[in-house]
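What TrEMBL annotates here:
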- 6-35: transmembrane segment (TRANSMEM)
- 42-59: transmembrane segment (TRANSMEM)
- 71-89: transmembrane segment (TRANSMEM)
- 96-113: transmembrane segment (TRANSMEM)
- 133-165: transmembrane segment (TRANSMEM)
- 172-193: transmembrane segment (TRANSMEM)
- 199-219: transmembrane segment (TRANSMEM)
- 231-249: transmembrane segment (TRANSMEM)
Amino acid sequence: MLIGALVIGVLVGSLTGLLGAGGAIIALPLLVYALGIPMADAVPMMLAVGVLSPISALLPRLRTDVDWRSVAAVGAAGILGAYGGTVAGAHLPERLTLTAFALLMILAGVRMLRRSRPSDQPAPQPGTGARILRGLGVGLLAGFLTGLLGLGGGFIVIPLLMLALHLPFKRAVGTSLAVTVINAAAGLVSHWGTAQLDWGLTATFAIATVLAAFLAARFATKVPGEPLQRAFALLVLVLAAFTLIQSLVL
């Protein structure tokens, strides 16, 4: 099981470092189905790693690719959303939660496949009031998903930041990573009293994820983003189909 956690950690960290998002949405089904970890234990395990991995991916982008004003609004709302997601998750059956998760994965995969080539050209920025309101909305949604599923929300936050706040792609990636750290930390705190973590397994997963995320983030500037996003979208759709079959049929 430790080897499995190591392999999954490298995969998750690499995706997080390269794309700034996406590692979490493949980690959950792999932890649950490949390693046989119960959903109730996999979520806090992911949240613990979800604090460290984005930090590693964020470090190479820290000075130039983070909109800290957006981080403040999105992150603050994300804390409230994470608490709401945790409360909702405690009252929802595991099959329903995994089914909803699979549907979100399908939505994300299709959206990434259909998305046009990202542009780093500046777009008109919304006013201060509109920026705050839009940031709060993005944060509530991302935080809720974090608390419910252990999902940092990067695959939703990045397109929302580009659409709602008109951030260019690279800046949306860096901002999303900063928000993910806040959301994952809030979700982890809300799960802390009930979490039953295998600390050896969690440490193995965390170390592999953090190292892979840092190295992949350093490498990301040399790799074209569009082919990576297309390949990742296909992987998301395959895993979504597997998760949906597991939750509905088996």
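Every residue gets a Cβ built from N, Cα and C, even glycine.
Long-range contacts of the transmembrane segment (199-219) within the same chain: residues 1-2, 5-18, 23, 35, 37, 45, 48-49, 52-61, each at least 6 residues beyond the stretch ends and with a Cβ under 8 Å from a Cβ of the stretch. Counted as Cβ pairs under 8 Å, contacts with the transmembrane segment (231-249) are highest for 96-113 among 6-35, 42-59, 96-113, 133-165.
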